[in-house]
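**Q** Provided herewith is a single structure, encoded as structure tokens, for subsequent inquiry.
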């Protein structure tokens, strides 16, 4: 069956927190698997304002180790311990993650009550994480930094007429789809016997901080959702590019070239209070551009 995929923007600002925006943190829930992308200062408090529980987080993916993207880990991990978490927590990041995260989670006096598994990921790799595939690429930022893609695995469509002709009930169809074959009433059925083609899995791309780069358009090709660094409007492009960031117009060009379904503007400069000029800039290049806001939720619908 198709998974339920939801995105929650816990924080959409960059550099430092403001009264209207929290630091970067994006939740992507795939059924009962909770993934957090970046964990800036105050992320746990933002999670408390949402429908999520910070105790349910399974995986945390850090794009890079500038403070606005990971300093929230310190408080989050300690709060998990105070609340008697026992299940493992997986934390992923670019080169240097093991040392930096080890230092962060060992600040201060507390008892760590659960196992933390830290993984350093290589760029341009694909990792099978069960419910989904995680893909990485090196982006253009002054420090080691990765962009991530979550890809739902392709799903085999079932032809109901074929299943009906074979006398296979719906509960058995799912077992055949999950296992490839399944024995029912003394006969082994194959998925090929009831297949109606392939439904491509949904794809979400989270860039983290990056200058615009053509490689990102290839990385985000035909994504359902692209969440791209849009630090400012086009009038400040030279300045933000110098520090490894993108403007809204540049992000929209990437979205257009990639052929994505929807672009979310993200990681606004703390000097920006009104994002409407950024949306206008972006929509001049790519109409399906939208401003993300703190605690906004978005459901990624199934492709038909």
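For all residues, glycine too, the Cβ spot is worked out from N, Cα and C.
If you look up Swiss-Prot, you'll see 68 marked as active site, proton acceptor. Residues or ranges marked as Zn(2+) 1 binding site in Swiss-Prot: 64, 66, 141, 209. Taken from Swiss-Prot, the feature Zn(2+) 2 binding site covers 68, 69, 209, 267.
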**Q** Quick check for you: of the binding-site residues 64, 66, 141, which have their Cα within 10 Å of the Cα of residue 267 (Zn(2+) 2 binding site)?
**A** none
**Q** Return the residues near residue 68 (active site, proton acceptor), defined as same-chain residues 6+ apart in sequence whose C-beta is under 8 angstroms from its C-beta, sorted by sequence, else 'none'.
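**A** Within the chain, residue 68 (active site, proton acceptor) has Cβ neighbours under 8 Å at 14, 15, 16, 23, 24, 40, 41.
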**Q** Using an 8 Å cut-off from the Cβ centroid of 64, 66, 141, 209, can you name the remaining same-chain residues around the Zn(2+) 1 site, in sequence order?
**A** 63, 65, 69, 139, 142, 143, 145, 208, 210, 244
**Q** Under a three-state reduction of DSSP output, how is residue 66 (Zn(2+) 1 binding site) classified: helix, strand, or coil?
**A** coil
**Q** Minimum Cβ neighbour count within 10 Å among the binding-site residues 64, 66, 267: which residue?
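**A** Result for the binding-site residues 64, 66, 267: minimum number of other Cβ atoms within 10 Å at 66.
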**Q** Check each residue in the chain of residue 69 (Zn(2+) 2 binding site) that is at least six apart in sequence and keep those whose C-beta is under 8 Å from its C-beta; list them in sequence order.
**A** 23, 24, 38, 39, 40, 62, 63, 208, 209
**Q** Taking the Cβ of residue 141 (Zn(2+) 1 binding site) as reference, which residues of that chain separated by at least 6 in sequence fall under 8 Å from it?
**A** 64, 208, 209, 210, 211, 244
**Q** Tally every other Cβ atom lying within 10 Å of the Cβ atom of residue 209 (Zn(2+) 1 binding site).
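**A** The answer is 29.
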